[in-house]
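Please read the structure below before turning to the comments.
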Amino acid sequence: MLLRTMPPQRIWLLAGYAAAAAALFCAPLVLSDFRLNLLAKFLAYAIVALGLDLIWGYTGILSLGHGVFFGLGGYAMAMYLKLNAGGGRLPDFMDWSGLTALPWFWKPFGSLTFAVLAGILLPMLLALVLGYFTFRNRIRGVYFTILTQALVIITVTLFIGQQAYTGGTNGVTGYGKLFGYSLASPDTKRFLYWVTVVLLFGAFSLCRYLVKSRFGKVLRAIRDGENRVRFIGYNPAVYQKVAFSISAGLAGLAGMLFVLHVGIISPSMMGIVPSIEMVLWVAIGGRGTLGGAVLGAILLNSAKSAFSESYPDIWILFMGALFVVVVVFLPKGAAGLFSQLKRVGRRKAADEGANGVRHPAV
Amino acid sequence: MKEQTGSVILRCDEVTVDFDGFKAVQGMNFSLTRGELRFLIGPNGAGKTTMLDVICGKVKPAEGKVLFGGGVDITRKKEHQIAELGIGRKFQTPSIFPSLTVFENFEIAMKQNRGVFAAMRAKLRREERERIAAQLALVGLEEKAAWRAGGLSHGEKQWLEIGMMLLQEPEILLLDEPVAGMTDGETEKTGELLQQIRKTQSIVVVEHDMEFVRSFASKVTVMHEGKLLKEGSMEDVQRDNRVTEVYLGKRRDADASRSTA
Amino acid sequence: MLQLFNGISVSSILLLIALGLAITFGLMKVINMAHGELIMIGAYTAYVVQNLFAAYLPDAAFGWYFALAIPASFAVAFAFGLVLEMGLIRFLYGRPLDSLLATWGVGLVLQQIARSLFGAPNVGVTSPEWLNGGITAFGGAVFPYKRLFIIGLVLVCLFVMYLYIYRSHSGRRMRAVMQNREMAACLGISTRSVDAVTFAIGSGIAGIAGCALTLIGPIGPSIGTYYIVDAFMVVVLGGVGKLVGTVFGALGIGLSNTLFEYWTTASLGKVLVFLCIVAFLQWKPMGLVAMRSRSLDN
């Protein structure tokens, strides 16, 4: 009944989502434990890509600072794991640095609820504060991008510098258990994989809802002409702040999942290069399409792990070249290429003359 | 909303605008009553557009005050606050959102709660849909409701923007050369539309097309070099020596615009 | 006192790097993330010149290799810049964010090439004899000749740039394009060649900066990334379009970096500098020097 009222593209789209969901849920049946773990990591990355797409693809604000938000989430989870692995003892790196008591800000991370909340809310708060001081003054475009990059640099230096509290360059690692279950056991890994799949779908649905809502339309309007939005009566700064903050929260969530899958978080995972790589995932998949962002993250990381295991040097060259090619020739990424091909095909096949987009509401 | 016509809705007192030493507007006084259709004319560089910029908050005056409605000082308010209070602006070059569809342009322009969380929850109600449909019909874009606005012609963008501003339901409409680039028929239609709007709202129009001004103006304000030169009916203004003097050097321009009208 | 001197020394290098960035951004609205790699190219050019001198010329001449290294670094980086502009940047005008990503990719490739040519570990460049030592000032503080030389070099570059931008024929055309591209094009200025030459000059200056960096410490393939973000902050702070803004931006960032790091720790110092920049932008969002425009969106 419902299906009959929908235009055919939407039915196909829904079918596609359902197929993707089924495939992801069944993946543990086919993949080896090692591959499954990799896929789980990529799915966590896909959550970051969704958030980045929201802020970059839809709102037009490029953040090169998502590594920081990802890292904050990761550290929150790692701190919880570390405290519970030690059985009440001080984390090893604090011992080495001569600390005798647990620093006050570590204490609440003994609780999983607090750690999970902090892993999402801290990045959101940081984004909100940075957004408040920048968007309010109409600092945007490249200026904002450069500030986010500076944010990455100072956070990384800070985390490396404050070794006693953060574990320095080595980061926080050396924990193996969650609720008494070993993180390395295949069963736990499978469970965590499913958790990640569910959260990815949750994040996807959230982003899809936001993008389709009037909020999403205002975001796109801001991308088109921020000042014009003002004269209609919207305050773009608030919209930008909220979008940036949601995006940061998703990155934090992904960081937590990442730590569960990989078992380590260190400053090098939130640095400039990882942050800009995240942008590449979205660029490759197609900014402004959520499915594209997810696919981009999974595809690029699959390619990376396939290549860089054997030819790390060539991988870097490849990645550099990819940036150039995508930006110059495929500004809309793979999703754009796909719809371009589709349009060419449709024009050949059908008599539909209008080149506009069909609006579901009319 | 339904206050008696004739009461002042907007007053600018001694407004001065300073662009890094260049005084674009100097001590300008201006007041608008409810239900008025006012034309703002003057040679190029007279400060007309800057005056609109001051009223809608795009430019902050160095001196002077702008009072809205019952005396709310909007001089230091942000653009979006001023827009929310009820001042709508149409820019000289059509500024619409090219990647949204025509329908979506209307949807976000429509008078509504503009908060973030309201926008996240907003559902298109039936009466809202009908209003948008009516507006689409009014500006002649029903057929193109699903088009991306970026694909419209220049004239259609003008209409889209006018439609967006009407859906905003401002108490004052500021229009900067609304008929530029329109055909005679469209110009005529715009004029009639303005007459229609002034029944419920007040309008300030900056216009160079003298024929258009003559056909629809009741009261005209002439600016020259950032100052008020003359205010009155079109006949008064045309009879004024200083106005002719100011326009003399521009005679050819005026002729040209007359012949295109 | 010594801190102040070090601060000025850091500022001067930042200025050299930021100069090219500010000009290219102001002129073509393009962000060149590969700028750091042009520094790297300049540094390795100095390294190669040094090796050539050591291999083929008598020892007595070695001390003077640096005199050749500076123009050589400029020339090589200039050539790279020209190729980069004509091969890539040209297609990205007015798309700052896209150009940022694409040039970052270029930077990545250049770094990798340097790594395979010269090896991943840092290499040292032996400073010429005559730059060792320093002036001992009152209070026993030593001002090394190297740092003094760098400051002098930057002053000379700045002066030459000033003459070029504000006094020469091609500089005038460059400013014309910067202020109104369409109008300049209508007046018969070939905006393409102006863009290409300006970009190349900015790159060449980055090359000189790289050459100067060899005096301070060993160099490696990723030497540029250490400086590039700071240099961008200079541009953000100084605003776009005027030389003065860049000079003050560089002084501000260089000095505050050194002083904060001296007063606190290296990592906290960076945080404080960042906070200061954000605070400063609350006061002047467009940087120290900004060009105003009447258009609705730009």
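Backbone N, Cα and C define each Cβ position, glycine as well.
Heads up, TrEMBL stuff is auto-annotated, nobody curated it.
Keep in mind that this is a model prediction, so the values were computed, not measured.
What TrEMBL records for A:12-31, A:38-58, A:64-83, A:112-135, A:142-161, A:191-211, A:242-266, A:278-300, A:312-330 is transmembrane segment.
Listed by sequence, the residues of this chain that lie at least six past the ends of the transmembrane segment (A:12-31) yet keep a Cβ under 8 A from its Cβ atoms are 39, 43, 190, 193-194, 197, 200-201, 291.
If you look at the transmembrane segment (A:142-161) against the transmembrane segment (A:278-300), you find fewer than three C-beta pairs under 8 angstroms, all six or more positions apart, and that falls short of contact. Counting Cβ pairs under 8 Å that are 6 or more residues apart, the transmembrane segment (A:64-83) and the transmembrane segment (A:191-211) reach fewer than 3 and are not in contact.
Comparison of A:38-58, A:191-211, A:242-266, A:278-300 by number of C-beta pairs under 8 angstroms to the transmembrane segment (A:112-135) places A:242-266 first.
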